[in-house]
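Residues or ranges marked as transmembrane segment in TrEMBL: A:21-39, A:110-132, A:153-181, A:201-224, A:236-255, A:288-308.
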């Protein structure tokens, strides 16, 4: 096991002694800080939040009365109605984007940047060894190939975790600095077992982060697999980022016509669809998506492992 | 003595093509074994199979008696190698590169790393990034990573490539010392034939994936060859040779005569010359060079 720990240290050394890595880390910090500044300068306070919530409630009611909507969406609207009523009754203002929690919540959207950077690192980790020619000296050590591959994969995931923590921390600090922390006690309204309950915002934000990570893990694994199978970093980065940004759109169009689209990877990566009550294909559930993601995860890893294990190194 | 490295009918097929045909050879502890062949003969493929980078189609490779294909982790512990060019992580320093490889084998201490650095003479530049190194320095770093874990078998592909004459000599002496004093078995592939001649004890020539011959470098001087006789008077000496050994080819030059003579006839001719009162100042065996042997064996029509 100490051997495996050393392998991860080796991989980390190869990640963090490169300029490109620090460029990506710097860029992420910059975006998280700039985001807060943009929100600060462009946000306009609503005149009366009560009026807006009332208007929203009315439109929810109108939609519910139309009748020809799906059951999941109906449930979702009913929940939102209850939450809005609770809000008005107990005088709880919705979380605005120019608050500490509001900004932290929207920073979850920047996880796609973390995904992009992790894809770059994962795609490079196996393919570069081949293009540098260092794979030969790497594989003539008393360590089996599976362990070496796993250490590379773990190092990429550790990089992702590092970036997530950094994103969260920088967003929290810049949010606190620009918007203040007076609103930190404001609760998050959740709907549980038929009633509205007040919860801490931190759980809500962490949940948003966690849901966005499905994409991150899947695309990193995908890029890693392509990198191992084709030994080509550009191809791996290209395919993975293309899929990351275009995949959901294509899947969305397919899902409008075909029921089988629900088995596609991108129909399942966006787990927050279940929080919005609008799954891509009617009848999909959170557990179905998690099962599908696990399946894809296993297939990608098995492919990478099998091919890396068997390959003749002729680079 | 058990061989350190043993290839038994090793064969490699890629697709329907056979790249290596039933290659068998043995390398013993304490010797430097040269691996020669024209480009594309299968030297590198064979080396890749020995170090487990490529699968062996049939046959087996044993290192210290351990099958590489079946027990890779155990067998490879005894091997230090450079496969083709010593490619390193250019964005890391030489030291970090060594640290990287040291971490992958148990039992390599920091002291050992320092020791190896001193051994290859890289003390002054070891904390510089590898991208600033010359080819010769990379070669030394390559040798350092191969020696880190005190292997008993060293496999080096073109170890003197890119070194200046002083560096070549240093590495050659060092390899010979490792073989003689530390008892390492060393396999060296190269196409610098004169270099191999000075470095190796035995050599194998392969061509088209087949073993052509295995010979000891010493044997080269025992085959039919040119012998230079420094004599006076030259004309009389030539006469004696023609009388006694009419089938040998003679060539006169300024110092004496060159005779294409069988190794065992050298003393006889000497005795004859002395008996005829020819002054013999010197007998110099113009040994057949490895290059001649190589061209002879491989047909000489290949680009070396």
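Cβ atoms are placed via backbone N, Cα and C, with glycine included.
Within the chain, the transmembrane segment (A:288-308) has long-range Cβ neighbours (under 8 A, six or more residues past its boundaries) at 126, 145-146, 149, 153, 214, 217-218, 221-222, 224-225, 228-229, 262-263, 265, 267-269, 271, 274. Only pairs six or more apart in sequence are counted, and the transmembrane segment (A:153-181) with the transmembrane segment (A:21-39) gives three or more Cβ pairs under 8 Å, enough to call it a contact.
When each of A:21-39, A:201-224, A:236-255 is checked for Cβ pairs under 8 Å to the transmembrane segment (A:110-132), A:201-224 comes out on top. If you look at the transmembrane segment (A:201-224), the same-chain residues 6 or more away from its ends with a CB under 8 A from one of its CBs are 95, 101, 104-105, 108-109, 111-112, 114-115, 118-119, 122-123, 125-126, 152-153, 156-157, 160, 164, 168, 184, 186-188, 190, 236-237, 239-240, 243-244, 265, 268-272, 275, 293, 296-297, 300-301, 304.
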